[in-house]
Amino acid sequence: MLSALNVLGLFTTLASAAPAAVPEFPHILVTRQDIQTPVNSSLPNVTIFATGGTIASQGSTNLQTVGYQIGLGVQELVDAVPEILNVSNIAGYQVSNVGSGSINETISLTLAHMINDELAKDEIAGVIITHGTDTLEETAFFMESTVNSSKPVICVGAMRPATALSADGPLNLLQAVTLAASPAGRNRGTMITLNDRIGSAFYTTKNNANTLDTFFSTEAGQLGVFINQVPYFFFAPAEPVGRIKFDVSEFKSLAQVDIIYAHQDMNPALFNASIESGADGIVIAGVGAGGTSSKAALAAEQVYNATGIPFISSHRSSDGFVPNREDSWSIGSGFYNPQKARILLQLALTAGYSEDEIREAFAASYPMP
Ligand SMILES: *[C@@H]1O[C@H](CO)[C@@H](O)[C@H](O)[C@H]1NC(C)=O
Ligand SMILES: *[C@@H]1O[C@H](CO)[C@@H](O)[C@H](O)[C@H]1NC(C)=O
Ligand SMILES: *[C@@H]1O[C@H](CO)[C@@H](O)[C@H](O)[C@H]1NC(C)=O
Ligand SMILES: *[C@@H]1O[C@H](CO)[C@@H](O)[C@H](O)[C@H]1NC(C)=O
Ligand SMILES: *[C@@H]1O[C@H](CO)[C@@H](O)[C@H](O)[C@H]1NC(C)=O
Ligand SMILES: *[C@@H]1O[C@H](CO)[C@@H](O)[C@H](O)[C@H]1NC(C)=O
Ligand SMILES: *[C@@H]1O[C@H](CO)[C@@H](O)[C@H](O)[C@H]1NC(C)=O
């Protein structure tokens, strides 16, 4: 399909078609670069890490918007939007091609290792990750916590498959590349963009399982929007207060952290079941500001006393805040929702943090009484 791009007649071709070498990590999933578009040396360079999801999916008709199949590769994503090549030179890696419910620690660590390496190159302006939307915020938060660069890391997906009437993937992809190529995108942490909006990976969450207008952060708001495909930021560059960066260059796997969902009549035996299956830490998606039933709280405290594994109390409400309680068996998650609290606890445990250090890590993002 490279020839289709050359038809534009705008680009000089690479002297060598040999793909760039990728550093070897013992568990890394990707060993080859899948695409490299012809280079116009006055354009910025953006690298796409493709993982799958709806943006890479096709339905059987243009009306099908649920139950479709993943199958498009990174080359096909780029070919569908030739406008991208007026904005940036593109290199692309196919890291996985799965729905985002199947993104796992191998894929997250592969992305973190490869992206740190890519952004260390002077000629690279920024990177984008194409990803299913269901757990996009988890990978975005993982990158926020593990990529050590002032350059933009942009996470993007689509709510409608590529075959749908009014598919949103192509414009989302063009906007993501434009943002990754833009100096205005620097020093703002990892960002999520869909549906014309730009949000912080630290706070943005998926709010609706189906509609296009799903990614936003109620409390922290949006960082910016696209106007005529140009990113417009409401504020000067800023990064999330209390964000912690982990050096994951030596990480080959992550600690196991489970999330247990609180509700009326919740089953107190789940804490023990989780420990028995190997959990190193537990996040409770608590009712209100981190609560559970009194029976569940007693069971959790017994497990804590018996094992000493950290418990994080978060909230099952889509937004809000769980305060720290110094005398408690559990650590308040602050503003972190359960899925982001899980990632922070995984990274902290893998990095060897003590319980006090874990408490401080969570407390760093919110005001202490
Ligand atoms: C390279 O990109 C620059 C900046 O967009 C543009 O002005 C120029 O025409 C391009 N050159 C070629 C050969 O396409
Ligand atoms: C993009 O990369 C090419 C080499 O592949 C380099 O010649 C060019 O200067 C880079 N563009 C920018 C804006 O740094
Ligand atoms: C790229 O830019 C050139 C010059 O402005 C324009 O003629 C061409 O149509 C653009 N290509 C695409 C695919 O938008
Ligand atoms: C994660 O998923 C990838 C791709 O499906 C697979 O190759 C890898 O083995 C998985 N890792 C774990 C720890 O299950
Ligand atoms: C990030 O990079 C800076 C230097 O660029 C270094 O001082 C710092 O230790 C790095 N942080 C991590 C977590 O790797
Ligand atoms: C969980 O395990 C502990 C220690 O083995 C035991 O004392 C406790 O009764 C168990 N709790 C539940 C709810 O099964
Ligand atoms: C857990 O240990 C603390 C400190 O020893 C004790 O005060 C508390 O009663 C214990 N909780 C349970 C449920 O056994």
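Glycine too: its Cβ is placed from the backbone N, Cα and C atoms.
TrEMBL does not curate its annotations; it predicts them automatically.
Small disclaimer: the values here were computed from a predicted structure and weren't measured.
Substrate binds THR133, ASP134 as TrEMBL records it, and from the list SER96, SER100, SER166 the residue named for this site is SER100. In sequence order, THR51, GLY52, GLY53, HIS131, GLY132, THR133, ASP134, THR135, LEU136, THR139, GLY157 are the residues near SER100 (substrate binding site), counting only same-chain partners six or more apart with C-beta under 8 A. Take the recorded positions THR54, THR133: by the count of other Cβ atoms within 10 Å of each Cβ, the lowest one is THR133. According to its DSSP assignment, SER100 (substrate binding site) is helical.
DSSP classifies THR133 (substrate binding site) as coil under the three-state reduction. Note: the substrate site is recorded as SER100, THR133, ASP134; in the same chain, GLY53, THR54, GLY99, GLY101, HIS131, GLY132, THR135, LEU136, GLY157, LYS206 also have Cβ atoms within 8 Å of that site's Cβ centroid.
Farthest C-alpha pair in the substrate-binding residues SER100, THR133, ASP134: 7 Å apart.
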